[in-house]
């Protein structure tokens with residue numbers, strides 16, 4: 001799994017050891033991060049949007065059937081990956097969003113709960129006091145670098161802006177997880193509360209199959225983390241799995257995906273983990289100031305316990 005989220009790795013591994021399925025392991029592992037509020041960027045109480053609300057995105061994928069369950073802009077329900085799993089089990093759909101996703105969650109037995117905490121409120125207050133910096137607006141008046149708006153569009157000048165990330169290594173976002181079963185069965189999943197100070201309704205890469213994660217039991221699985229607005233345009237998780245299908249080593253597959261995005265957005269913040277059906281794994285990240293290494297967790301029969309691994313960014 002992405003980042004040094006140890007309790008998530010431990011929980012998922014325990015599920016497998018006790019006979020749970022690969023999907024169970026992904027759901028429980030990512031769900032542990034939702035409970036722990038991993039780095040304030042997964043689960044409730046983090047990353048308030050422009051209106052101060054915390055919303056959640058999650059997905060889970062079965063590499064045997066290629067079924068995906070996902071929720072985006074989920075409001076007032078804490079267990080986003082759990083709701084995503086129910087999308088697979090109880091609907092013929094793939095992705096549910098917004099208020100309607102919340103209503104579905106309640107029908108599935110999930111309680112309505114406030115996702116706002118004192119911490120998320122203070123993050124929101126500080127942002128307002130800093131003239132709403134940083135934000136995700138462009139080509140608007142008044143100047144979005146100095147004002148909270150409300151904004152109106154201005155005529156776009158077709159001078160291409162350098163795409164750079166608003167996020168930093170201190171603003172981890174997604175937990176992404178890939179689970180390979182003893183028979184080579186693959187499952188994957190993600191959970192996040194998204195980009196801090198996003199426009200309400202913004203959905204990033206995390207709940208999008210092939211972007212946030214991808215699983216195929218004939219090839220492997222991958223999961224991404226970082227600036228989802230940029231990364232989702234390249235379907236990095238799908239691309240990495242396809243490289244592994246062609247026999248590419250997981251580390252090289254991850255690096256090729258990062259290099260592809262670098263050509264268009266050299267300053268993007270992001271990383272990806274990859275694992276093939278034999279249990280080989282790797283990771284890669286884009287090197288930017290303040291982010292030169294990527295930490296991730298690995299559990300396997302060859303390791304006595306879930307172990308933190310580090311890779312140098314390229």
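Residue numbering: from 1, along the chain as shown.
Note that Cβ sites are derived from N, Cα and C of the backbone, with glycine treated the same way.
Positions annotated as active site, nucleophile by TrEMBL: 174. Residues or ranges marked as substrate binding site in TrEMBL: 202, 203, 204, 205, 225, 226, 227, 228.
Taking the features listed in TrEMBL, we show where each one sits on the structure.
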residue	record	Cβ contacts under 8 Å, 6 or more apart
174	active site, nucleophile	2, 41, 42, 190, 191, 192, 205, 206, 212, 223, 224, 225, 226, 228
202	substrate binding site	49, 73, 136, 194, 195, 229
203	substrate binding site	57, 72, 73, 97, 194
204	substrate binding site	57, 173, 192, 194, 195, 212, 228, 229, 232
Neighbour tally for residue 225 (substrate binding site), based on other Cβ positions within 10 Å of its Cβ: 30
Site of maximum Cβ density within 10 Å, from binding-site residues 205, 227: 205
